[in-house]
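If you scroll down you'll find the structure; I have some questions about it.
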Amino acid sequence: MQLLLIHSDYIEYEVKKSTPVAEEIEESFKQGRLEDALTAFMAVESFDEANPQEIIDRAVSEIENVAGQVKAENIMLYPYAHLSSDLSSPKVAVSVLKGIENALEGKYNVMRAPFGWYKAFRISCKGHPLSELSRTIRLEGAVPCGKVVSLDAEKKEVVSEALKAEDSAKSYWRILTPDGELHDAETFDLTGHDNLQKFVDYEISKNRNIEKAPPHVELMRRLEIADYEPGSDSGNMRYYPKGRLMKSLIENFVLEESSKIGAMEVETPLMYDMNHPTLKKYLDRFPARQYSIESDKRHMFLRFAACFGQFLMNHDMTISYKNLPLKMIEMTRYSFRKEQRGELVGLRRLRAFTMPDMHTLCPDMEAAISQFGEQYSMCIDILRKIGIDVSDFEVAIRFTREFYDDNREFITELAKKVDKPVLVEMWDTRFFYFVLKFEFNFVDAIAKASALSTVQIDVENAERYDINYVDANGKINRPTILHCSPSGAIERCIYALLEKAAMDAEEGKVPNLPVWLSPTQVRVIPIAERHMDFAQEVADSLLCRADIDDREETVGKKIRDAGREWIPYVAVIGDSEVESGKVTVTIRAESEPKKPMKVEMTAEELSERVFNEIGDMPYRSLPLAKLLSMRPKFI
C-alpha cells in the first residue's frame, strides 16, 4: 500500500462520473467536506492481496500514529490510484478501504471518499513540518531477502530488515550547539540558520518525494555535463565529455587525499551471492534496497557499497597490530541502490552512482573514536577544496543514547569544529550496525537535503565477517571498523556545486564552477579571421584547458555563449591585442551581472594566474576539440 498523509485546513470532494469499477453509493456519499483533517490518500497494491487484514492493521497504525502527532480528530480516507502503477483488484481495494474505515470509526470522525469515481477535490495543506508525509506498507513475505527480482519490477525490490527498522525506529531529534547543550529540534529558535531549519524539517517529515525538478537538472543539460538515459533504468545517467572530466577530476582528488592518510586503493566485484551466509546477514543490517539478478542458478545482488568486497578481503588477510589503523579505499563505479522512483531526480539521487568507500580497521573503540575525529576534519577539508564550504552544508550526527552518555565531550567537539548548531538524531536502541555516524548534508534550492561526506563506527561487521588482527601479545582480537565516504557520491558533489551556483544566481551573483573543475578554463575569441593566428598562439601558450571560438558567429554571440557555459576566463582578441601582444580578459569570478570585470594582460600572465588557481588540484587536458567549430552538439 502507498499512503500520502496531508494535514489540512480542509478537504472537500465531489463525485463527477463513475468508472467501470465504481462502487455503488448513496446520494449523500457523492460529496463531502472535513475541516482540520488528516487526509489519507491511499493506493491498495497487488502485493496487498496476499494478506488484506495485515495491510488494514498496519495502515490504521500509520494513520493513528500521524493523527496523534498532528493532533487530528477528523480523518478523510481518499482512494488515489495515481500513487502506484501496480494496483490490486477493485474488490480487494474496496474491502481494504472499508476495513480501515471501520477500524478508525469510534476513535475519530471518519469520512471515506468513494472508490472508482472521478472526483473533483480541493485541499488546503497546513504547511508545517509534519503536514506532508508518505508511507509505503509492505507485507513481510512480499519481497523476501534472497528472492530473485526483475530489474523492472518496482514491486519486487529487495528491502533489508535495516530499512524496515529505519522506517519504524523511534528518533529523538535535537539541536546540538557548540557549547554542548542539546535542545529540542522542533522548538529551538533557528533564526539565522535558514538552511538548518530546512534540513530539520526535511529530516523529521521524511518526505523524500520530488514535486518539482531542482535547478541543477536544467543546468546539467545546458552545460552538457549529464542527462537521463532513456535506454536504461531510471536513475542511471549518461555523462558527456565535460561531465566525465569533472567526475574524473573529483575521483582522482579524493583518491589522492585518501592516499595521503595511508589508504590503500583496491578493486572488488560489482555483484555478490545473495545466499552467501555472511553477506546475507549484512544485507539485512544495511538500510538500502538492492538490484538482484540470476547467474548460473545463483541469486546475486549488485553492490550498494564496497563493504562486501573489502570485508571479504580483510577476512583473508593476515593483520598485525602494527598494521593498524589499516585503511582501504575503492572508487566504486558503480554502486547500485534501488531508490524509490518518486525520489529520483537529476544527479541528486541515483540508482547507479560513483562513491569513494574507505574502511578503517582500528584496534579498539578508543582508536576508532580518534580516527572518527580525524576523518571528520579530513571530510571538511576535502569538500572545501572541491568547492563546498562549511557554510554550504548542514551537519547531522546520529548515535545511540548509550554512546552519547559515554562520549559527550567528543560529540560536542564535532559541533565546535564547524562552529554552528548541528542536527542530532538519537536512538534508545541500536537498529543498525553502527553506534555513531555523521553526514554533511547539502540543502538545495527546493529545500531537499542530500548527504555528502559521512563516517560511521561499525560494531558488528568484524565479527560477522570474522575479521581479526594479532595484538602485541600474540592474541587474536576483533578490530572496530570505520566506514567513510570522504566526499559522498561524486555525482552529488557536482549536484551540490550546480545547486550552489543556481542559488548564487538567485541572489544576484554570477554563477561559477571552481576553475580546477571547469571543462574549459580559458576561452579565446578572435574577432575576425585575421586574428585567428594570434588566437591560436595564445591558446597554445596557456598551461590550462583553453579552447578557441572560431565559429562564424558575431563576437557578441560568442561572448554570450561563453557566459552561458560559465567559462572562468574569456580572452577577446582584435587588432589592438595583436599589435600590443596583450589580451583583454573577462574574469567571471570578479564580474557582476551586466558588469563584466575586464583586465588587460599578457598570455603569460593569464597562464600564470590560472595555473596558480588550479594549484595542487588534479588536472586533465581539454575533453573536447580545441576549435569550437569541430565540436558536435550533445544536447
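Cβ atoms are placed via backbone N, Cα and C, with glycine included.
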Starting from the Zn(2+) binding annotation in Swiss-Prot that includes H359, H483, which of C125, C307, C544 is the extra site residue?
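So the Zn(2+) site in Swiss-Prot includes H359, H483 plus, from the candidates C125, C307, C544, C307.
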Which one of these binding-site residues, H359, H483, has the sparsest Cβ neighbourhood, judged by other Cβ atoms within 10 angstroms?
H483
Given the Zn(2+) site residues C307, H359, H483, which other residues of that chain have a Cβ within 8 Å of the mean position of their Cβ atoms, reported in sequence order?
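Nearby residues not in the site list: A305, A306, Q310, F311, D357, M358, Q456, D458, N461, I481, L482, C484.
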Give the number of CB atoms, excluding that of C307 (Zn(2+) binding site) itself, located within 10 Å of its CB.
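Its Cβ shell of radius 10 Å holds 22 other Cβ atoms.
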Run through the region 'Editing domain' (1-144) and tell me, per DSSP, how many residues are helix, strand and coil.
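The breakdown for the region 'Editing domain' (1-144) reads 46 helix, 58 strand, 40 coil.
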